[in-house]
Amino acid sequence: MLMKLLQLLLKIYCSVRGMFQTERMRKLKIITLDQYSEKLVSELHEKGIAQIDDISERVQQNPEWAQLLSPSKATSQTGKVSSLLMKTTGLSETFGNVLEGKGSIKDMIKSFVKPPIPEKREVEKLDTDGLVNRAESVLNEVESQTGVIEDKISALDGVMTELQSNKELANKLNNFDLDLALLSDTKYTTTLVGRINVENALKFKEKANAVTDNLEILQGPNVVSDGKKNKGNKKNNDEILIVITLNEYKEDIYSLLRKYEFEKYDVSGLEGKPSEIISYSESKISEAEKDKEILLSELKEVAEKYDQDILVLKEQLEIEKERNEIFATFGQTDKTTMLEAWVPLKKVVETTEVITTSSEGHAIVEVEDIGDNDEDVPVLHNNNWYAKPYEVIVDMYSPLKYKEIDPTILVAITLPFFFGFNLTDAFYGIFVSIIGILLYTGMGKVNNTMKSFGAIFIMCGIWAIIMGLLTGGFIGDFVPRFLGVPLPTVIPAIDAFKQPQNILILAIIIGVIYTNIGFILGMINNWRYGNKKEAISSQIVWFFLEAGIVFLAIGFMMPSIGIIGMGIGIALLILSLILLVWGGGLYALMDIFSFMGDILSYARLLALCLATGGIAMTVNILADMVNGMVPGIGIILAIIIFLFGHMVNFMFQVLGGFINALRLNYVEFFAQFFMGGKNNFDPFSAKRTFTKLKEE
């Protein structure tokens, strides 16, 4: 019986310990013959269980390594693969733009709620040369059809751009009823056309007469782009100026015009009156747009035929490019290749088997243990199904340090709870959960980050529902105000509308507990890494301070042990002050205010709780008042106020609630213990969305 109890306790300990521990890692040093290196890399890439470490810099800088190895290089085919990938990516983007077109709002919502899940196509395992040959064949076939169409579209775009430019210029000169071909320069004269401020035009005419009398000036009101005259707009009080002069005075006149901020128009090549040019340009633009639509339809047909082929090819080339480039991180000798990889402990055996099989036994693998203080070890979370989505929240703050305590499970418990405490409205919580479900079942199918946030929002919504029902929040005070009955689920002691002081006390208690959990984690981290002084003066000291406050309070409240309690309390307070000074000098005494600030920060839970309920209640009151005060249409106005008010309140409070829940973890909690590392585990993995290898 005792043995069974001990075994049970051991299992519980291991389970709890595992929740706060990242995956144990091992470094693999691998040497294989050159002839097997490509196959080995390919197999590791497909398995995706090892992170390749870049040793090229170490080979160059470490004299001992430099005697044995030289830096490896990317394969000779890397440039060719990259070039083909660029072409394929360009085609893929072109096809994507043509096929997507101008989607409606309905299509956008549908793609969010139910995104298309790509069907994976089986592909053969090809070496680099085989893939290059296939890529060239496919691209030649596709480009032979798209190239002609794209050239025609490009030519039409150029024509339309020129026509549009001519139309805009003709619009500006529409006040002049003359053939614009007459404004071209001749053998003896120069014509300058442009826009100038009215006041500057007067100044120019005064100065121009001093240069020469041999000039002709035509003036007309400025016309904006839609063809309407500018009638005294003070902000744009300009006019069109046409200056005709002899060639010998060209530079002097133009220099004078520039001095008065003259904007010159290029009218070369234009023939006909402005109205004729406008009409002609509009007609030709319309024809070009129709021709372009026909060409786009043809391009769409090609896209529909080859889009999947191009997506498959693009993915294959991306994978091949990664495999070819990874060789630049290796070391090499005349006949061997050396690489290093990080592997989770539980995957070491599998990785070793892959290496041995792919190299046909011609490989040496050394498994190296990791020191506690190794800064370069990548971190891989080890959480259960519930906590796993919250890894993204922890990683947004910083990667963990190897072997430090992983707080993800605590964040998974507190983040949705804090959000629910902030929102405290059951009806709002229902909508948050619905958004989470849509994210999880929609975009979450094609994007892991969206899936994680979907799961987070579902739990946040559930906690908002629970807290709303317990504290009386259901569309504010909707139930008692409009239905005339109290919400039956409310606990009177924490009714947000009647007992806010109790919610404040609850928030402070939660803050004390969560902050102390942070101190415990910080103490464990520091002790584990040998920072015992830091553990005592930065974490343990606060337990003495809190205990001292508790004993002082007991001494005041219980006269029978008052002197003893107060004596112990004062002694503990003095001890905590001594420990603070011992750890950080007199300046460390300021940490007491930081400690108090961290605890009081949890009062924001009450603030946001009351803000949600208060604004919701105000909206309800306004809707009720309008309904009673305005006969007839009052009910319609009340519904509009009710819906709009609660929609705005929902958006602001959800955003504020989530930010505050993050803050309480990032600032108040993580600050007590989080050490932080350099990087997360990033396996060398072939990311296949559109392809899967044929089974051999």
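Cβ atoms are placed via backbone N, Cα and C, with glycine included.
As written in TrEMBL, here are the features:
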- 285-323: coiled coil (COILED)
- 417-441: transmembrane segment (TRANSMEM)
- 453-475: transmembrane segment (TRANSMEM)
- 503-524: transmembrane segment (TRANSMEM)
- 536-557: transmembrane segment (TRANSMEM)
- 563-590: transmembrane segment (TRANSMEM)
- 602-623: transmembrane segment (TRANSMEM)
- 629-652: transmembrane segment (TRANSMEM)
Long-range environment of the coiled coil (285-323) - Cβ separation under 8 angstroms, sequence gap at least 6: 38, 41-42, 45, 78, 81-82, 84-85, 88-89, 91-92, 94-96, 98-99, 118, 121, 123, 126, 128, 131, 134-135, 138-139, 141-142, 145-146, 149-150, 152-153, 156-157, 159-160, 163-164, 167, 684, 686-691
Spatial neighbours of the transmembrane segment (563-590) far in sequence, C-beta under 8 Å, 6+ residues away: 533-534, 536-538, 540-542, 544-545, 547-556
Positions on the same chain near the transmembrane segment (602-623), where near means CB under 8 A and six or more residues out: 418, 421-425, 428, 467, 471-473, 475-478, 481-482, 496-497, 500, 503-504, 507-508, 510-511, 514, 638-639, 641-642, 645-646, 649, 653, 656-657, 660, 663-664, 668
Stretch-level contact, the transmembrane segment (536-557) and the transmembrane segment (629-652), CB cutoff 8 A, at least 3 pairs: no
Confidence summary for the coiled coil (285-323), mean pLDDT rounded: 94
Residues of the parent chain within Cβ reach of the transmembrane segment (629-652), under 8 Å, 6 or more residues beyond its termini: 428, 431, 475-476, 612, 615-616, 618-620, 622-623
